[in-house]
Structures are given as structure tokens and as C-alpha cells.
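*Asks:* As annotated in TrEMBL:
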BINDING   HIS121, HIS125, TYR142, ASP313  divalent metal cation binding site
BINDING   TYR142, VAL143, SER144, GLY145, GLY146, ASP174, GLY189, GLU193, ASN285  substrate binding site
DOMAIN    39-319  domain 'Gcp-like'
Amino acid sequence: MTDLLKKPRRIALGCEGSANKLGIGIILHENDTSTVLSNIRHTFVSPPGTGFLPKDTAAHHRSFFVRIALQALRVANITIPDIDCICYTRGPGMGAPLTSVAIAARTLSLLWNKPLVGVNHCVGHIEMGRAITGASHPVVLYVSGGNTQVIAYAEQRYRIFGEALDIAVGNCLDRFARTLEISNDPAPGYNIEQLAKQGGRILLDLPYAVKGMDCSFSGILTRADELAAHMKSGGKGPDGEAFTPADLCFSLQETIFAMLVEITERAMAHVGSSQVLIVGGVGCNERLQEMMGTMAAERGGSVYATDERFCIDNGIMIAHAGLLAYETGFQTPIEESTCTQRFRTDEVLVKWRK
């Protein structure tokens, strides 16, 4: 990673649990390279037609934390004395799951006598994406179940140029999966993507809600839910043809992804960047990557994205971002090792970047 100066060998253990993924990762920084030593994850999967409740998700994280931590240590082939710091997701996220993992990380810090580092979840996604892809100065599209932001770096902050005004794009997809009673295994958004690949015969009319640099997804979801109810009652499309769940998923994806491409292109023009980095769980979607790639190519630019190991919430991104902060001298005192559901990306001072 180009921004890492030559530094001593350091290892961090990162703990992520802001939503339904519990992840623990261990990373090595040595000289100017970052090496993933382990990246273990376990997902809480709720029944079809339901979402994951905070209390149930937190119980899952408490149940699996110790075994996932031990597995991460075994895979990394390190011992406790090798670890320099314990990093954890301070926010944003769901309150109960965040709290369960923050307490576990605090316990490791006290048991092992290691410094603690609280990490912004969004910054973790960005820094891991930069490290894996090599993107130098991209416009970042951060799309997940809880966040939708268009971001660019300036003066030691990740500045937010545009964002969702109501629900996040991933939340829109997840909630529509519930409407169709699509399986949550491995993820509702992934299963919508697979269904959408079977559609394309009909593009149903859905609201297109771009407001300057911001997007709104709640109205689109409401209309998609209405169309789903119409379909289930035997209703026809506007051309008199019957339509399917695949047609609905295709239409939903095409509409919301077009909105994301529009605001990302506008941010690229504003900051003069030719690079787009897509991070967050929705960033795994191949259709989103394809649409963004078409736009970037027309501008003479390129798209950078990672696979599900790093797009979907994981512990290694928290370890990496936390270790970057730790190397600048940042630590979180135990008495301040809280978590918060609201922690904006632009609140973090990014001291490790020039």
C-alpha cells in the first residue's frame, strides 16, 4: 500500500459485529506491505421473510465469538504475544450486536494487556478496499445494508459528497427479499441478484429518486412492494403481460443501480478522479460493477472492487484500519471504549494518509 511508510512489523486482531456478520481477522503490517493472516466470519441467518433482530444477532455474536477468535489465531499461526493491538468496530451499526463485540474486544484487551483501537466501520471498508485493489485516489461508492455514501478523500478526511436520504440501498434490497420471501442464505441481496439474472424481459416502471447528489430508496421499495402484491393476486404488467419475481428483481436492480451510477459519475467530475472504488456488501453485485464499469470506461477511467471476502463485513478490514490508526499513535482508552449506532465517515481524522 503506497501510503504505508517503512515501519516495524506489527500485527492487529480486528473484531467486527455491526450487523449479522461476526468477523475476526488478523493482519500483518511490515515495511510497506499488508498481509492478511486470517479472516474468519460467521453469519446469523434468519428464516425467509424475516429480518435479523438486534437481540437475536447479539446473542449469535456472543455465542460464536470465542470459537471464531480461536480459529483466527490458529489460521494465522501466531500467539498472543505476537499481537500489538486489539481493534473493534465502534460504529455505525446495530446497537446490541455492536455492544456484544465491543465488550468481547475490551475483554481481550484486558486479558492480554493489549492496547484497544476503536474503528469506524465505513473507514474500515474504504481502507481494506484500497489495500486490496491498489486504487490510489478513487471516488468511493460505499453501499451496504446500513449505508449508502459517495465519498472522496480530501485533507485527512473522507468527505461525503452524497448519500441516502432515508434507507440504505442494501436495506431496500433486503426488505424486498422479505416481501418475496426469498431465502436469507447466504444473503438476501445475493439471492435477489441471482433472480434478476433470470429477468430482463420486462423493465417495470419504478420511481427514480435522485435529488442532487443524494438518493431516496423508500419510495422505490414501496412501489416494488405494491407491484409484488399485484403480481401475487394475478395482476398483469402495463403491457398486459404477466410478470414474475425475476422481472421485479431485475427492474429494482436496474433502477437503483442507475441512480448510484449517476451520483458517482457526478462526484468523479467534481473531484477530477478517473477511479471508482466500490465497497460494502452490495459492492459484490456483478450487475452494479458492470454498470459502473461502463460509465467509468466512457470517462476513460476504471472500477475497482473486491470479492465477497472483503466486500461483505469482515474482521480483517477492522484490523487493517485500526492498525493504520495505531501506527500514528492512536489508541482508545478502556474507559472510552464505547460503541455508537451513529458514527459518520467524515468524523474520522485520517492521519495515516498524506
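Cβ coordinates are placed from backbone N, Cα and C, and glycine is handled just like the others.
Automatic prediction, not curation, is the source of TrEMBL annotations.
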*Asks:* Between GLY189 (substrate binding site) and ASP313 (divalent metal cation binding site), find the distance joining the two CA atoms and give it rounded to the nearest Å.
*Replies:* 14
*Asks:* Quick check for the class: what is the C-alpha distance, in angstrom and rounded, between HIS121 (divalent metal cation binding site) and ASN285 (substrate binding site)?
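*Replies:* Approximately 20 Å lies between the Cα of HIS121 (divalent metal cation binding site) and that of ASN285 (substrate binding site).
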*Asks:* Roughly how many Å separate the Cα of HIS125 (divalent metal cation binding site) from that of SER144 (substrate binding site), to the nearest whole number?
*Replies:* 10
*Asks:* What average pLDDT does the predicted model assign to the domain 'Gcp-like' (39-319)?
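*Replies:* Reported value for the domain 'Gcp-like' (39-319) is a mean pLDDT of 97.
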*Asks:* About how far apart, in whole Å, are the alpha carbons (Cα) of ASP313 (divalent metal cation binding site) and SER144 (substrate binding site)?
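*Replies:* On Cα coordinates alone, these residues lie 9 Å apart.
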*Asks:* Specify the count of other C-beta atoms within 10 Å of the C-beta of HIS121 (divalent metal cation binding site).
*Replies:* 27
